[in-house]
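A.B. asks: Questions regarding the structure given below will be posed in turn.
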Amino acid sequence: MNRKSDKPIKITEVCLRDGSHVVAHQYTEEQVRPVARALDDAGMHYIEVSHGDGLGGSTLQYGRSLVDELKLIEAAVEECRQATVAVLLLPGIGTVHQLKQARELGAGLVRVATHVTEADVSAQHIHAAREMGMETLGFLMMAHMAPVEKLVEQAKLMESYGAQAVYVTDSAGALLPDQVRERIRALRQALDIEVGFHGHNNLSVAVANTVAAIEEGATRIDGSVRCLGAGAGNTQTEVLLAVLERMGLQVGIDLYKMMDIAEDIVAPLIPNPQEINKGSLVLGYAGVYSSFLLHAERAGKRFGIDPRDILMELGKRKAVGGQEDLILDVAAEFAKAQKREVKG
Ligand SMILES: CC[C@H](O)CC(=O)C(=O)O
Ligand SMILES: [Mn+2]
């Protein structure tokens, strides 16, 4: 139980959705099944499964999935006895039709995600999800880009559409603990529904941020086991669980089993260790979408540009989700400018 709320803390494991960015959306059913089965056995509350950019994300712009996400969702549902399988939906990328398909396969919860200043585009999807009988939560991404008052205004819109909780989503891993505290506190005061937090560890403060969120009364909490999420990963689930136990907060998930999942099942899926390297550090420092990292690294290689320069420029231009094409534009502009300098 959260001391500042009468609601229990519920954890959503996102390695099979946010972690999809890390594996360039190449998850297979054979990989998803054992992860979902083991998480369910450990007592995980929600397991999110979708393309990294949510339902319908498998496109040239965001990266093609190896396996249709609906097959992965179906596989996860088949493996779960008690956990609820969740999906992510970004209006403009995923459709109500795709949500219906996921619902028919057994997904029980949807997070409808918009940029932090664009909650108005979530109305139709939130209404539709509620009508389908899904637990329906709002997810305000890139939360560091809006002042607290704006965040509150946007969260209230989601609440008015029928969202049953709203998340502060630190997509860039740019927020610091006091900033998280301020945002969660403001939402708790302004909303009648639950408040959640989704962190990224690019500045190595995801666990601290999540603890700050919980101390302010957030009850919907995200983590990725072994940090298997975009950039340097999310709040590391098994670490968070250990910290919560040390704080005297029991959430009903088996810590030892989560440690074993991290080590034995999830670590072998990760192409490179989920550490804070120069690329992911710049994401947090410049306030750039964590899912942009691999795209910037690829563009950097193609145009001979340091990916840090690309990411810094994207931060300056305040690039938001959906502007992945800007990554190539920036890399190409830099390459052109450098050639001019050399020639001149
Ligand atoms: C592009 C969707 C994004 O990965 C959602 C998310 O997890 C975040 O904004 O952090
Ligand atoms: Mn994320």
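Placement of Cβ uses the backbone N, Cα and C atoms for every residue, glycine included.
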A.B. asks: Using only what TrEMBL says about Mn(2+) binding by H198, H200, identify which of D6, D18 is listed for that site too.
C.D. replies: D18
A.B. asks: Give the sequence-ordered set of same-chain residues, not counting R17, D18, S171, H198, Y289, with Cβ within 8 Å of the centre of the Cβ atoms defining the substrate site.
C.D. replies: V14, H21, G52, M141, T169, H200, G229, A230, N234, S290, S291
A.B. asks: Looking only at C-alpha atoms, tell me how far H21 (active site, proton acceptor) is from S171 (substrate binding site), rounded to the nearest Å.
C.D. replies: 13
A.B. asks: What recorded positions in D18, H21, Y289 place CB under 6 Å from ligand 2?
C.D. replies: D18
A.B. asks: Among R17, D18, S171, H198, Y289, listed as contacts of substrate, what is the widest Cα spread in Å, to the nearest whole number?
C.D. replies: 15
